[in-house]
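Listed features, source TrEMBL:
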DOMAIN    90-216  domain 'Fe2OG dioxygenase'
Amino acid sequence: RVYELKQFVVKDAPQTVYYIPDFISEEEEACLLQQVYKSPKTKWTQLSGRRLQNWGGSPHPKGMLVENIPDWLRTYCDRISSLGAFSGRTANHVLVNEYKAGEGIMPHEDGPLYHPTVSTISLGSHALLDFYRPVGSQEGAAPQTEENRFVFSLLLRPRSLLLLQDETYLRLLHGIRGRGQDPLTDQVVNLPAARAQPGETLTRGTRVSLTIRHVPKVIKTKLVLGRK
Ligand SMILES: O=C(O)CCC(=O)C(=O)O
Ligand SMILES: [Fe+2]
């Protein structure tokens, strides 16, 4: 399993980043987008700079109350899990994020409630995912601006799969700048795999991402209706 993934490792990133272009087909992308936009309006949460759908339950320190993941997402949870992404476990949680051109997500850590692997399928448009050292992690008196905490970026093309593990997931923050255009520099470490050149500028459209993860601590409700 790991052997199959090995060819997709991003060598210029700290360990461990896999970037798989065209992980899904255009038909699958279209179907997924259709399903995302067919979901009930109440499934969306509006945040500043993006909209969000949560599937599988709300992760909680005491355990996640498991909710059903619909088949259209379950297929991808299974497909990614069978790559060995979650050390033999199966993904049970999906966040759907929608970003309009110019929107983004502040640098953050995903926190301890998830297995330390995140997998992301991008739909509709690209994004530049930026990585930062946490505040306070550098010696000396240099001001801790976002700029000098910045480490590298990854270009996520539509239909690609990104897998982040280990150091990259645990020690760095990740975010997406809220802007409409992305100039590509050599700080984007997966340009060849993403079939792009430094110096190019990509214009953003609406991107929908599926963030697929495994939440180890769950509570399964035993609701047995109509029985003693
Ligand atoms: O849209 C993305 O690729 C990133 C989403 C993310 O970081 C999150 O939901 O925690
Ligand atoms: Fe995140």
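Note that Cβ sites are derived from N, Cα and C of the backbone, with glycine treated the same way.
Nobody curates TrEMBL annotations by hand; they come from automatic prediction.
Looking only at the domain 'Fe2OG dioxygenase' (90-216), the predicted model's pLDDT averages out at 93. Secondary structure of the domain 'Fe2OG dioxygenase' (90-216) per DSSP (helix as H, G, I; strand as E, B; remaining residues coil): 10 helix, 54 strand, 63 coil.
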